[in-house]
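Please read the structure below before turning to the comments.
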Amino acid sequence: MLQPFKRCAGVLSSLIILITTPVVLAFPALTLAEETEFAPVEPSPVELDLDLFPAPPAYAPSHSNPPVPSPPPPANPGVSAPQPQVVAPLRLVISLSRRRVTVFQGSTALKSYPVAIGRPGWETPVGKFQVKQLIRNPTWKHPFKGDIIKGGHPDNPLGKFWIGFWTDGKNWVGMHGTPNPESVGRAASHGCVRMYNKDIAELFAKVQLGTPVTVVK
């Protein structure tokens, strides 16, 4: 079982996305060999781009005899209607040996990104999971001192995006950016999956809550 604060972790009251400021519990940015990053300790807001369109207004005739629509042309019995194309959902596969996360659509690999994984003794958990948190600009908070680095700050150990996919009910592991890009490609984290900031931004835009995440050795 994970020890408190060993993994990229934070205590959540629930997995419900709240309209509050994201708070991340973590050790302060130390040296590259000592840096620890943790997940939010509270549910944090996920900025959702909602395109709300009003329903079309009900037909209101301007006179007593509204126009009658023309009947549709007769169907050609020799031509079948085109069938809608079924698009397979996205899924993520994190390979610890290759230190890469690959985006799949069905069996097709769309793109692969380099990552940093957990160092010996702080291994990234292996198994099948789902995206459970999507947080922009998470606020980082020291678990003991209470020091805070606001979301979006260049020294924030979590970068600008957090994709949480594993929890034991108290601690969290996820994918995130890093102010230490030289660590990407190495076993350097305390369990989390670090990515280049530009890559995590691109991946964040592709996934959604419930996207499958498989971590393999």
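Glycine is no exception: its Cβ is also placed from the backbone N, Cα and C atoms.
All TrEMBL annotations are machine predictions without curation.
As the structure is a computational prediction, the values presented were derived from the model and not from experiment.
Record features (TrEMBL):
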type     : residues : note
REGION   : 59-82    : region 'Disordered'
COMPBIAS : 59-76    : compositional bias 'Pro residues'
DOMAIN   : 90-216   : domain 'L,D-TPase catalytic'
ACT_SITE : H176     : active site, proton donor/acceptor
ACT_SITE : C192     : active site, nucleophile
Protein Cβ atoms within 10 Å of the residue listed as 'active site, nucleophile', excluding its own: 33
Cβ-Cβ neighbours of the residue listed as 'active site, proton donor/acceptor' (radius 10 Å): 27
C192 (active site, nucleophile) in three-state DSSP notation: coil
Inter-residue C-alpha distance, C192 (active site, nucleophile) and H176 (active site, proton donor/acceptor) (nearest angstrom): 8
Residue counts (helix, strand, coil, in that order) that DSSP gives for the domain 'L,D-TPase catalytic' (90-216): 13 helix, 57 strand, 57 coil
